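Asks: Per TrEMBL, the features are:
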| type | residues | note |
| --- | --- | --- |
| TRANSMEM | 12-29 | transmembrane segment |
| DOMAIN | 17-146 | domain 'VanZ-like' |
| TRANSMEM | 70-89 | transmembrane segment |
| TRANSMEM | 96-117 | transmembrane segment |
| TRANSMEM | 129-147 | transmembrane segment |
| TRANSMEM | 159-180 | transmembrane segment |
Amino acid sequence: MLRYKKIESVFLYLVLAFYIVLFFSVIVFKNVSPLNLFDENRVIYKSYNILPFHTIKSYLVGPTDVSNSVILTNLFGNIALFIPLGIYLQLFKKNINAVVSFISVFAISLLVEIIQFSFGIGAADIDDVLLNCLGGVMGILAYKLLAAFIKDKSGIRRIIAVGSSMIGIPLLIISVLLLINN
């Protein structure tokens with residue numbers, strides 16, 4: 001039993017590491033490689049939006065020159081990428097309450113937007129922060145719901161390990177295939 005718990009823990013930490021790499025590659029380094037971050041010839045992306053719901057509203061009701069696939073990727077991608085963060089904050093931090101997890105999600109999201117703007121690698125948008133926080137809250141609630149039905153912490157870890165592998169392994173395969181093809 002002890003050996004199984006060690007394997008489970010190692011697996012969860014590997015999935016967490018993969019999530020962090022995926023997170024940074026999709027959110028922070030989507031427009032520029034980390035190797036080219038300080039290249040003086042690279043394109044600088046510097047824009048910001050501090051009006052809440054401005055970008056979301058323009059996507060949903062206003063005329064926009066942005067494709068539907070970009071809109072869906074931005075709206076749902078920002079939510080989906082932060083769901084695991086909410087889950088992992090609850091899972092890996094002992095006795096952390098939902099408010100502290102939410103504040104952590106908010107702080108990480110805000111930091112990402114500041115990094116994107118400061119390094120000129122993306123737009124800083126308050127709507128991204130709102131969508132990221134929604135995803136984080138969904139993750140926190142998913143964990144709390146799971147914990148309400150399964151009182152044993154190791155049972156929760158096991159379910160998250162299986163769920164993470166069902167999502168993480170296909171994502172890893174797709175990521176490797178995309179890297180090979182590019």
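Positions of Cβ are set from backbone N, Cα and C atoms, glycine also.
For each feature listed, report its degree of burial, its nearest neighbours and the pertinent distances within the displayed model.
Replies: Per DSSP, the secondary structure of the domain 'VanZ-like' (17-146) breaks down as 89 helix, 10 strand, 31 coil.
Tertiary proximity for the transmembrane segment (159-180) is limited to same-chain residues at least six positions away from its ends with a CB under 8 Å from its CB atoms, namely 8, 11-12, 15, 18-19, 22, 84, 87, 91, 143, 146, 150.
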Asks: Is the transmembrane segment (129-147) packed against any residues at least 6 beyond its ends, judged by a Cβ distance under 8 Å, and which are they?
Replies: 52-53, 56, 75, 78-91, 98, 101-102, 105-106, 108-110, 112-113, 156, 159-160
